C-alpha cells in the first residue's frame, strides 16, 4: 500500500473529529440556548424532545463514527482495535435506544402520532438494521470459530454495510432537522441558520468518516 | 481480483436500476395523481414546483447514478465507457439546472424567500461541488495531457468525491421530501405513505449505486 495513504487517512480522521465536535457544539447551543434545555424527566415536553436529537447525534452517530475510525485512531494491537470498534458501536446502540424512547415519550405526552414521517421511517429502519449489523459483526468477527476464509468473504459486506448505514443515519439526522425546522416555520433568522450549519456539520462528519474508511482501499 | 466480484457488482447494478425505476414510478404517481401534474409554463404555481422534484431525481440523481455505474453496465471499451460516464454526468448537470430554475420560478411566483432551508443549502452546495467535480474529471481524465502517474493519484479523490456527492444529493432529496411533507402537514394517509416509500426507494438507489462502485475494491 502507498505510504502516503496513512498520512491522508490520518488527516481525514482529524477533519472528521473537527466536524463532529463542531456539530456537537452547534447542537448544544441550539438545544440549550434556543430550545430550553435537555431533560428526559422534565414536565416541559420540549425538554424531553430535545433529548432525542442530542442523543441520536452526539451519542449514536458520533460514537458509530468513532467506531469506524478506531482502526486508524486507536494506537493499539488489531485485537484491541476490534474490541474498541465493537464497544463504541455497542455504546451507540444503548444511547440510541434511550434517544428513540425520548421521542416516543414526547409524542405520548403531546398526543402526537408515532412513525408517520419519512424521518421516522428512515431512522427506525436504519437503527434496526444497525442492530442486525452489530450482531453479525460480533458473531462472525469476535466470538465465532468462523474460518479465516469465511471472515475474508464477510469483511467487504460488513465494511460496506456499515458505510451504507452511516449514510442512512446521516439522512435520518438531516430529515429530522428539516422536519423540526419546517414544523417550527423557521425561515431566515439566527435559529434557522444555526440549524442549517448544524446540518452541514453533521453531513461533513459523515462524508469525512466515510472517506477515512474508503480511501484505505484506493490510495 | 476475485472473479465472484463481477457477479456481485452486476447483481448490485441490477438492484440499483430496480430501485431507481421504482422511485421514478412513485415520483410520477405522486406528482401526476396527487399534485396536479408537471409543467414549467403553467399558470398554476404547484405544477411549476413539481418540475423541481421530478427533474432533480429522475434527471439529476438518476443520470449521475447511471454515470457511476457505466463502467459496469456499458459493454464497451474503456474509452467509450469514460465518454459515456462524462456524458451522463453532463446531462445530469443540464437537467439539474432546469430543475433548480423551476423552484426559483415557483418561489418568485408565490413570493417565497429563496435559500433559507437546510434542503436548499445542501442541495445548491452539492450541485455547485458537482459542477467543479465534473470540470476536474473532464480536465484531468479526458482532455489533458496529464501523466499516467497524475491520473493514478487523482483517481481515488475523483471516485470517492463522486461517491460523497451522490450521498449528499440523496440527503438533499430526502430533506426536500421531508420539507414538502411537513409543510403540507401530511400525517397518516395515502399520500404520506407514498412519499415515504418514494424516499426509501431514492435512499436504496443511492446505497446500491454506491455499493456497486465500492465493492469493486473489496471483493
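All positions are counted from 1 along the displayed chain.
Glycine residues also receive a Cβ, built from the backbone N, Cα and C atoms like all the rest.
The following features are taken from TrEMBL:
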TRANSMEM  B:12-32  transmembrane segment
DOMAIN    B:15-214  domain 'Cytochrome b561'
TRANSMEM  B:52-71  transmembrane segment
TRANSMEM  B:83-106  transmembrane segment
TRANSMEM  B:118-143  transmembrane segment
TRANSMEM  B:164-183  transmembrane segment
TRANSMEM  B:195-216  transmembrane segment
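Tertiary neighbourhood of the transmembrane segment (B:12-32): same-chain residues 38, 50, 53-54, 57-58, 62, 65, 69, 72-73, 191, 194-195, 197-198, 201-202, 204-205, 208-209, 211-212, 215, selected by CB-CB distance under 8 Å and a gap of 6+ residues from either end.
Taking Cβ pairs closer than 8 Å, the transmembrane segment (B:195-216) reaches residues 5, 8-9, 12-13, 15-16, 19-20, 22-23, 26-27, 30, 57, 61-62, 65, 68-69, 72, 159, 163, 166-167, 169-170, 173-174, 177-178, 180-181, 186 in its own chain, all 6 or more past its ends. This prediction places the mean pLDDT of the domain 'Cytochrome b561' (B:15-214) at 96.
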